[in-house]
Amino acid sequence: MSMRDVKVCLLGESGVGKSSIVMRFVADKFKNALESTIGASFMTKTIFVEGNTYKFQIWDTAGQEKYRALAPMYYRGSAAAIIVYDVTRETSFHAVKGWVHELQRHGPSKIVIAIAGNKCDLEDLREVREKDAQEYAHEIGAIFCETSAMTAVNIAELFDAIAKLLPPEDLLGTSNQMGGGSTVNLRNNAAKKKSKCCSGSDTEAASQQPVRRSLSTPRGSSSVTYPS
Amino acid sequence: MATEIREAEQNASVSDSDSGQSDFIETNEIPGKSSNTLLVANDSFEDLSYAELNNTIVASPMGTINSLVKKKAKRSLSLPEREHVEDTVSESEVDDSEVETSEICDDSQVDMIEARVTELSLQETTSQTADAQIPHLMTNTDTDYVNSPEWKRQKKHIFILSESGKPIYSRHGNEDKLVTIMGVMQALVSFVADSNKDTLRSIVAGDHKFVFMTRDHLTFVGVTRGKESTQQMFLQLTYMYNQVISILTHSTLTRIFKQHRNYDLRRPLSGAEKFFDNLLNLMDVEPGLLLTSVRCLPLDSNVRDIVSQTIAQHAKVKDLVFALIIAQNQLVAVVRMKKYYLHPMDLHLILNLINASESFKAAESWTPICLPKFDAAGFLQAHVSYLDEECQTCLLLLSVDIEAFYTLSECKAKIQERLIKYNALAAINNSLKRNSYSIQQCSISDLRHFLYKSRSTAQYTSPELEAPYNTKEEKERLFGLYYYLHDRIHTSGRTLKILFHVGAYETLLGWVTTGFELYAVFGPLVTKMSAIHAVNKLLRWIKKEEDRLFILSSVTF
């Protein structure tokens, strides 16, 4: 048993649902029309993944332009960054690319990047194809999933995935001697977890999206995909 | 309309009027007086003389944060980059050729924020100017909108526009649809400025007043058919200006417009509309903004002492400048760094920040805020959290250290724990539930309502609004009376000390001394003699209650 503090920050445009994701994850609550975050807010949540305890210290940053300059303060010390976009707003997906570039240039070298397409319950209003986002995530080696804070789709799975992908050499107590190249470990982890996560991805999501599934990627579209 | 039956004004000397004057109390008994000020107590309203209006550059305090950061730099000499702060932050060295600002970003956190904002603004203008620069011609929809009865019916309009006439904010309606009318406003302002080398201050047309204020490349326009005087409107516009500064800082604002006169300020201000809206709504219901003073939550002085001592003990960390507890727009306690005081105008911005947003209720937050009276050039970092489940009691810790969040978070946990242990939070909640106090507690017949401001502490007290002032219309009317009384005393060309005014529905007595300002509202049939007696009785009552109604001691870290 080891306890590990994991600092995570959420980035993304204003109104994509960063705070809602955090609220769903931490308190399992959802509020319609949550007010926009001011500055950044901080919350913690402890989860157990494979016998390890992860204490997530989550920085939920404000998406508004005037706070943009503060972002480095939050991602600099982060082990993982979740970049959120809104599947019903294409511009918010374009903003993801900006964040990825910024993280690659200025972020910590080993930062785990996850891309989350939120509001996937609003299928009718969709503007961003899941396939496009997934391909992009694959390209840059990021975790990808579509989430819905409202219907609690893939929220817990997203954080589980991050926990599993953290470079193991950082694990307190159980330091892995093999931890030279983190990419290798990532791949191992990914291969191992994929099946489990697919089966775990909830029934709710599956029932919602049967039509789309046949159109897009053959493997369960509502599951978390790991970089490979 | 209120018919004025008779009106007595006394200018300056108190002694040369009739016998009632002998009852006026001695100044050494001023209720709520304290030499231990915790707020800056100079009267901002009187600072707003028209002489100042002509200066577009307002002497805003700058460098306070800088000097605090410097002090911090001295403490940690081991970090060479910290020393660099001194050079980069200083305002004078900021020149035009700052496209490379991202290079200095890591030198100083404070500077970084501003530099980034500028950097972003540059990116934005290059991409956006193409479509934004096309002047909107008068279209049918524009004129229709301005002529719509709904828009015209609004009692008070507030607009913010840039020097080039670009809409930034409108209290009512979408500013996008007001491009034409804002253009007219800008034309008026610049016509007077260009042709007469003069400044347009106000226009009175029928029962409408138009008040203009230009500062830092921004034009603020207020239009009202309420009771506010032009000077009071000017004060409201100043609050709006302060709110803009609070979000952007004075340095960033001037830098943006120095580089791009055409810049669309709505972008960095996006999401700030609610702060403007809320501030304007506060001004309509909260006399503290007019009086540039704050209301304290009535609390036993020993409970308040416990609260301030707890904060002082458990938030004794470096770089923490102010720590305050706020509950429902009322001040519970303030602890400050020695030498530094909080200005009531700044405090109103803090109250507005808390009041305007629900998002602080979700989790501990960390946000930059610029307090223009404290230091208009930089941001303080605010740790904001609620101490109770119901999210009534809010703790704010304002630091100059951008990395202090975790430290302050620990402080918060300790403070919260102690305050629960000492039952102080419960006491605060009880006080909130009881409401402030009823006018009946003063047991003065025919006194309906009053505002009492202690000038030395910049705090005011007033009873609950009760019948007949319990409907929206009546509240508004009462506020109008206070506007009238306040204006007559402060800005009718000569300042008055005492004003006795008999109206159709109530009699007003305003009394201003060096120590206090009192505005009292009586029933319509009160005589001058009995009003003066009542006011003396009231002052004695406030004196008796002063420990509960005011914060008289100032605690420092």
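Quick reminder: no glycine exception, Cβ is built from N, Cα and C everywhere.
TrEMBL annotations:
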- B:10-25: compositional bias 'Polar residues' (COMPBIAS)
- B:318-415: domain 'FUZ/MON1/HPS1 second Longin' (DOMAIN)
- B:446-546: domain 'FUZ/MON1/HPS1 third Longin' (DOMAIN)
- B:1-35: region 'Disordered' (REGION)
- B:79-99: region 'Disordered' (REGION)
Secondary structure content of the domain 'FUZ/MON1/HPS1 third Longin' (B:446-546), with strand meaning DSSP E or B: 38 helix, 29 strand, 34 coil
For the domain 'FUZ/MON1/HPS1 second Longin' (B:318-415), the number of residues DSSP places in helix, strand and coil: 31 helix, 36 strand, 31 coil
Whole-number mean of pLDDT values that fall within the domain 'FUZ/MON1/HPS1 second Longin' (B:318-415): 93
